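Engineer: The structure follows.
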Amino acid sequence: MMFDRRFFALVVLLCVSAVRSTEDASDDELNYEMDEGVVVLTDKNFDAFLKKNPSVLVKFYAPWCGHCKHLAPEYEKASSKVSIPLAKVDATVETELGKRFEIQGYPTLKFWKDGKGPNDYDGGRDEAGIVEWVESRVDPNYKPPPEEVVTLTTENFDDFISNNELVLVEFYAPWCGHCKKLAPEYEKAAQKLKAQGSKVKLGKVDATIEKDLGTKYGVSGYPTMKIIRNGRRFDYNGPREAAGIIKYMTDQSKPAAKKLPKLKDVERFMSKDDVTIIGFFATEDSTAFEAFSDSAEMLREEFKTMGHTSDPAAFKKWDAKPNDIIIFYPSLFHSKFEPKSRTYNKAAATSEDLLAFFREHSAPLVGKMTKKNAATRYTKKPLVVVYYNADFSVQYREGSEYWRSKVLNIAQKYQKDKYKFAVADEEEFAKELEELGLGDSGLEHNVVVFGYDGKKYPMNPDEFDGELDENLEAFMKQISSGKAKAHVKSAPAPKDDKGPVKTVVGSNFDKIVNDESKDVLIEFYAPWCGHCKSFESKYVELAQALKKTQPNVVLAKMDATINDAPSQFAVEGFPTIYFAPAGKKSEPIKYSGNRDLEDLKKFMTKHGVKSFQKKDEL
């Protein structure tokens, strides 16, 4: 019995010690440091504090962050005027808390109410704004405003687009960190646009569920944002915070062509380094004005300087007639080989005709190509680009213009052959030059010709080592004679490619895809594309199924991020699938159906030449 009593006493002693230890630990967890009225939270005390204080606003910050430093005194002042604690977490130290609450930037404020949350703080960043936001939400009668961002699905998407003139749509994935960061800003923008009476509507699509919509709109990453105006889609290239979204979309809602009441307004509007398009109209109810306005809307993202005037003084200065629509070339790039402007005036003007006119004459004989204007001013082929230290700012203009004049002398000789010429800054396009093998060419001027065929023809630095005009003249003769060699971006061809799906790279594209003895189905993919990854197993399954029954059809794939394909195989999103039947290699057929095996079989059956004949069994 003595042993039993001693053993029992020992157990009791251990239990008491454990309880005291636990109590001591709890006391440590509830020991919070205060800094100017703000509670300092750490990974150790965070959960205990929230358990004791179920309503709290927490600021996640970084000591080096400028916005955090600006917010700090306002946050401290607000802490003494609100009815709940304000707390802060140094997320550069408490990294686990940062990961737990998916903190993407600084400062990020999170709000808990009655133990529920967190919700993102989207109020002001001053004392009054913080106090107002917090007190409104801790009010027992507070009800959050209804969500203004419309959730779109396959069922309601078309109606929403057709019923609203201007829409911004976000395609997102629930797991995407950037999407989560955008969400409160996007909703805040929608709320404020509504309050302003704006006609702009904001919508969102969960592209992981609405896969057909994602495919239709070329979604290859998240978030992807598209502007849809009167049914036509455009990429959204604006900011991703509320104020920026509001300003960008408000600008988008204004007429694309600016009204210029007086001559002085027109003069100020003229661009020094880009084309300016001015419509001269006696009245705004003419067919020409309507066509001009429609075309301006279609070209809103391409031409930022489009305006119209009715001022007689402006008509007189530029010798314009009513309904003249004039493209003015920037004075910086005038030359004696071309007019300073081009005029369009047709009795039955149409927006389609104007679009063609604008694009045909969107750049001077030799303008400056930049990353900003390359996709709008310099899409017409063949295009000859001369890369050097092209800087037309006042300090370096004379030297840059000297070399441009050399290019002009050659360019004017090829106007009749429809060649378009441009100069470009070699530093701005350093990556592109490196990809073409010209990153360390040793030449002061590098030249690349972008051909009709979609191929790129770099001037070989080992062959052309003279002066610019001499090199360019000789290289253009080589281009015209068809003797220049094209550069093809290509990953190494696989040494062992015995799988059911053939791997195509730039260097073996012609051999595999343009094989006239085979019909070829080719998928263009990106390694990071989720849709491509989910489709891969189905594609392999289809290839295996057809290997024995359809020996004259080849299923292939190509990583379009590291390989060049001919221009007729245009890739705008991932995955993109083309069918190149025998005899029709120059006109491949783009597949636009579901990524379903039976649908793909039907597609190939319909278009097959060497395969899927009537005698073949599916």
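Note: Cβ is positioned from N, Cα and C throughout, glycine not excepted.
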Engineer: Which residue range, 147-150, 259-262, 595-598, 615-618, is the one Swiss-Prot calls motif 'Prevents secretion from ER'?
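Structural biologist: It is 615-618 that Swiss-Prot describes as motif 'Prevents secretion from ER'.
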Engineer: Have a look at the disulfide-bonded residues C176, C179, C532 and say which one has the shortest Cα distance to C68 (disulfide bond).
Structural biologist: C179
Engineer: Which of C68, C176 (the disulfide-bonded residues) has the most other Cβ atoms within 10 Å?
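Structural biologist: Result for the most crowded candidate: C68.
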Engineer: Relative to the Cα of C176 (disulfide bond), which of the disulfide-bonded residues C65, C529, C532 has the closest Cα?
Structural biologist: C529
Engineer: Check each residue in the chain of C179 (disulfide bond) that is at least six apart in sequence and keep those whose C-beta is under 8 Å from its C-beta; list them in sequence order.
Structural biologist: E170, Y172, A173, Y222, P223
Engineer: At the level of the C-alpha atoms, what whole-angstrom distance separates C532 (disulfide bond) and C65 (disulfide bond)?
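Structural biologist: That separation, Cα to Cα, works out to 39 Å.
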Engineer: How long is the line from the C-alpha of C65 (disulfide bond) to the C-alpha of C529 (disulfide bond), rounded to the nearest angstrom?
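Structural biologist: About 33 Å separates the two Cα atoms.
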